[in-house]
Every structure is written in C-alpha cells, then in structure tokens.
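K.L.:
Next up is a structure, given as structure tokens.
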C-alpha cells in the first residue's frame with residue numbers, strides 16, 4: 001500500500017509575520033534609520049533656508065474647533081516608530097528596495113514642494129513652551145514646511161502598505177483596525193499639537209495616497225500577480 005502524501009498545514013499569521021520580521025532585520029533597521037536621517041537633512045535645510053517668500057496657511061473653521069491638546073504629543077512622535085513597521089515586514093530584498101524607492105519618491109516630492117512653495121502655519125495664539133516636550137519640538141520642528149504635512153503623507157503611505165501586509169498574512173481584523181486607528185491618531189495629533197492646519201493634513205493625505213496606491217500595483221509581487229491574471233484571462237478565452 002502506497003504511503004499517503006504529506007499534507008502541509010497552512011502557515012499561521014503569527015509565523016508569517018515572525019518570518020517577515022526576522023528576514024533582513026538588521027538591513028531594514030539600519031536602512032530605515034539612514035533613510036530617515038537623510039530625509040531630515042533635506043527637511044531642515046528647506047526649513048531654515050527657504051528659497052522663496054513663505055506663504056502663511058489659512059485657518060479653516062475646523063482648525064478653530066480643534067483645541068490645543070498637549071497630551072497628543074505622544075501620538076505625534078510615535079510616527080518615527082510607526083514608519084519602520086511596514087518596511088520591516090517586507091518579505092524579501094526586492095520588495096524592500098522597491099518600497100524604499102516609492103517612499104523615497106514621496107519624500108523627494110514633498111521636499112520639492114517645500115522648495116518651490118515654502119509655507120508655514122499662522123503664529124500660535126498660546127505659548128506652548130511651558131508644556132513638557134514642546135519647547136524642544138518648537139525648536140526642532142518649527143512652523144515651516146507646513147503644506148503638505150509630511151507627517152500625514154508618510155503616515156498614510158505606511159498605513160496603506162501595512163494594511164496590505166496584514167491582509168496578505170491573514171491577520172485578525174483587530175490588527176488592521178489598530179493600524180488605521182494609529183494612523184488616525186497621528187494625523188489628528190498634527191492638528192491637536194498645532195504643528196499643522198487642516199489644509200496641510202488634507203494635502204499630506206492626498207500626497208501620501210498618490211504614491212501608496214500605485215506602489216501596491218507597481219512592485220515585484222504586484223506586477224507578478226497582475227501578469228498571472230492576464231495570462232489566465234488569455235488562456236480562458238481559448
């Protein structure tokens with residue numbers, strides 16, 4: 001009697017996520033750190049050396065409704081951890097490089113907008129320097145480079161790409177929901193700590209989506225799946 005073929009149980013989502021984290025861990029960690037450092041060099045250069053007259057962004061009715069909320073500073077600063085999650089979960093070197101190219105193009109576009117159209121938020125009506133952490137924030141991340149909000153742009157890019165990873169790994173719905181809640185907290189915090197106005201945040205969201213959505217299709221795995229579907233359609237018609 002012939003032995004029965006072995007059946008392989010499908011990989012659990014925890015095993016999938018764990019394998020993604022371990023794969024190229026140090027390259028991802030060091031690469032993300034260097035990338036962020038290079039972005040900040042360009043960002044602060046634009047901030048301190050505007051090439052053209054600086055435009056003050058107008059306030060909307062919603063800006064007047066959102067009070068200064070210093071306790072949201074933690075959510076604002078959490079972006080710098082959040083942005084490392086999606087690249088940290090890329091499954092292989094090619095996907096990691098293409099991810100870096102897409103978010104790099106996003107950041108270069110934002111810096112280009114800051115160069116040709118420097119903006120800042122209106123002067124604050126309150127003195128925030130007395131709140132813990134805000135004196136440093138005001139000294140480092142001043143009121144310039146306002147529109148589009150790169151905080152929101154990078155956050156929504158990360159949220160979209162991370163949601164895609166979580167769906168691929170078939171994680172529980174609560175993790176995908178937590179991802180979007182984290183993004184929402186970051187986006188809201190830009191308004192609540194008065195680093196941006198509503199128009200900045202909206203422009204940042206549009207900029208981030210303009211790169212995140214195409215990046216899901218034009219990437220190694222996305223292009224391979226697209227070609228497979230096209231091939232299946234051709235076969236199906238014969």
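Here the Cβ of each residue, glycine as well, is placed from N, Cα and C on the backbone.
Among the features that TrEMBL reports, transmembrane segment is placed at 25-46, 66-84, 96-117, 142-162, 174-191, 197-216. Among the features that TrEMBL reports, domain 'Phosphatidic acid phosphatase type 2/haloperoxidase' is placed at 144-221.
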K.L.:
Check for me, if you would, whether the transmembrane segment (197-216) reaches the transmembrane segment (96-117) - at least 3 Cβ pairs under 8 Å, residues 6 or more apart in sequence.
P.N.:
yes
K.L.:
What residues elsewhere in the chain lie close to the transmembrane segment (66-84), defined as a C-beta under 8 angstroms and at least 6 residues from its ends?
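P.N.:
Distant contacts of the transmembrane segment (66-84): 28-29, 32, 36, 124, 126, 128, 131-134, 137, 151, 154-155, 158, 182-183, 185-186, 188-195.
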K.L.:
If you average per-residue pLDDT over the domain 'Phosphatidic acid phosphatase type 2/haloperoxidase' (144-221), what number do you get?
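P.N.:
Mean per-residue confidence for the domain 'Phosphatidic acid phosphatase type 2/haloperoxidase' (144-221): 95 out of 100.
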K.L.:
Sort the residues of the domain 'Phosphatidic acid phosphatase type 2/haloperoxidase' (144-221) into helix, strand and coil with DSSP and give the three counts.
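P.N.:
The breakdown for the domain 'Phosphatidic acid phosphatase type 2/haloperoxidase' (144-221) reads 61 helix, 1 strand, 16 coil.
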